[in-house]
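One structure is given here, and the rest of the page talks about it.
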Amino acid sequence: MAGRSLGPAEVVNERAEQYQGKVTGFVIVTCFVAAIGGCIFGYDIGVSGGVTSMDEFLREFFHDVYEKKSHAHENNYCKFNNQGLAAFNSLLYMAGLVATLIASPVTRNYGRLASIICAGIFYMIGAAVNAGSMNLPMLFFGRIMIGFGVGFENQAVPVYLSEVAPANLRGGLNSMFQLATTLGIFSANMVSYATQILKPWGWRLSLGSAAFPALLMTLGGYFLPETPTSLIERGLTERGRQVLEKLRGTRDVNTEFQDMVDASELSNSIRHPFKEILHKRHRPQLVMAILLPTFQILTGVNCVLFYAPVLFITMGFGGNALLYSSVLVGAVLVLSTLISIALVDRLGRRALLISGGLQMIICQVIVSVILGLKFGDNKELSKGYSILLVIFVCLFILGYGWSWGPLGYTIPSEIFPLETRSAGQSITVAVNLLMSFIIAQTFLYLLCALKFGIFLLFAGSVSVMTIFVYFLLPETKGVPIEEMTLIWSKHWFWKKILPTDLEAESSHAQ
């Protein structure tokens, strides 16, 4: 490889218009099955809030919280402030952070499906252990196993979807991961609502039900085709072409196939992708890999999704209204994700992120004002204000669901060149899970300390990220994944950051 330039121009020729093919039923089914992983992820987010609202679960593992919950309005914001309860939610994310770093070389060296299968196995183990938990260490061990599933799945599934989808529909098909996540959250709310009457073991059924979609994902990993990019990268060039032809529904795939081969040659020349990603030529993608998942979590949506039942208890809703309201939130999230799938490849990523951000800011400020004026210690919201609060929470979820929800996964998975794609996705997932861990571990404390001000804090963070998108995120709509590096050299800001002479940096790959 001596003397070769390793710059993006070597494999990026801006010839997307030459790509042939159509949207085939095969690619739709493939993306649908792969996206089941998001359903499990969403289920485990949603079920956490569901079971923590069940008295039998709290009595079994978090008796102090159960006692505080029984004192209905003595301290509305602090009754669930318990580090053990927070750890039940946050352990999943810390385990996922560790797992995604392990999953990166697995995804690169053994294929995207290998990581998807590993994720399914971890999910099944975790669901079984949680369902049979007899004590707190057993419960926490099950959450750690599920966390390992999260790490492997989030590492592989978004990349799989990006590599399989045609460029003109990549945003919509990749958003199927978020749609599956929202369906998982909705399913968890429905299951929790149904099982709350199955005393005293309803919570076990809620936690154990995650094993079913995990089994489907594991079986899907055996029957789905590996992505053409991964096959070519691992030397299975002819097999990669065959899969590409089947995905595109035509034998005329020469241009796209050649771009994949060129990208694969460059990728295989990079021995240390994590070291490679630190080079200046990858600076824009690295910044996005860190900031986009950070911003996604700092919307505050995880707090609503993790603790929706807890929030509705805190706000004074009755027993049946509790999970009923959570189901409403889940349904809105599914609807908003469908809106995103329909619009993302028409309007573009930036338009959805900016409009969704503005809507979330407005809703969070209004929710904060309602809580600040009408809710506090020894006070209960009136029925009218409770309904108003639910409306604006749902509008907040609607804005998130068509913007940062799906695009927080789609954009990082599509912007990296092949040689740093697995490393970049690992960084993205690790940052996402680290921020999820921090928010899950601190939210109950912050809710107690800041009270209604916590929503103003999140509104401030959404304001910052919306400004960031407006000025610093280029549009990726319709850009082939193997040509994505071109957009940075054309952007008003990032072109100033990129090296002008990539030859000067090529020696590191020798």
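Cβ atoms are placed via backbone N, Cα and C, with glycine included.
If you look up TrEMBL, you'll see 30-477 marked as domain 'Major facilitator superfamily (MFS) profile'. Residues or ranges marked as transmembrane segment in TrEMBL: 23-43, 85-106, 113-134, 201-224, 286-310, 322-344, 351-373, 385-405, 426-446, 452-473.
In this model, the domain 'Major facilitator superfamily (MFS) profile' (30-477) carries an average pLDDT of 84. For the transmembrane segment (85-106), the residues of the chain that approach it from at least six positions outside its boundaries are 44, 48, 52, 61-62, 65, 114-115, 118, 122, 139-140, 143-152, 154-156, 273-274, 306, 422-423, 425-426, 429-430, 433-434, 436-438, 440-445, judged by C-beta separation under 8 angstroms. Note: the stretches the transmembrane segment (23-43) and the transmembrane segment (201-224) are in contact (3+ CB pairs below 8 A, sequence gap of 6 or more). Within its own chain, the transmembrane segment (385-405) has Cβ neighbours under 8 Å at 178, 181-182, 295-296, 299, 301, 304, 315-317, 325, 328-329, 332-337, 339-340, 343, 352-353, 355-360, 363-364, 366-367, 370-371, 374-375, 465, counting only residues six or more beyond its boundaries. Proximity of distant same-chain residues to the transmembrane segment (452-473), defined by a Cβ-Cβ separation under 8 Å and at least 6 residues beyond the stretch ends, is recorded for 288, 291, 295, 298-300, 303, 349-350, 353-354, 357-358, 360-361, 364-365, 367-369, 371-372, 375, 404, 411, 443, 446, 491, 493-494.
Sequence-distant neighbours of the transmembrane segment (351-373) (same chain, 6+ residues past either end, Cβ-Cβ under 8 Å): 299-300, 315, 340, 343-344, 381, 385, 388-389, 392-393, 395-396, 398-400, 402-404, 407, 451-453, 455-456, 458-459, 462-463, 465-466, 469-470, 473.
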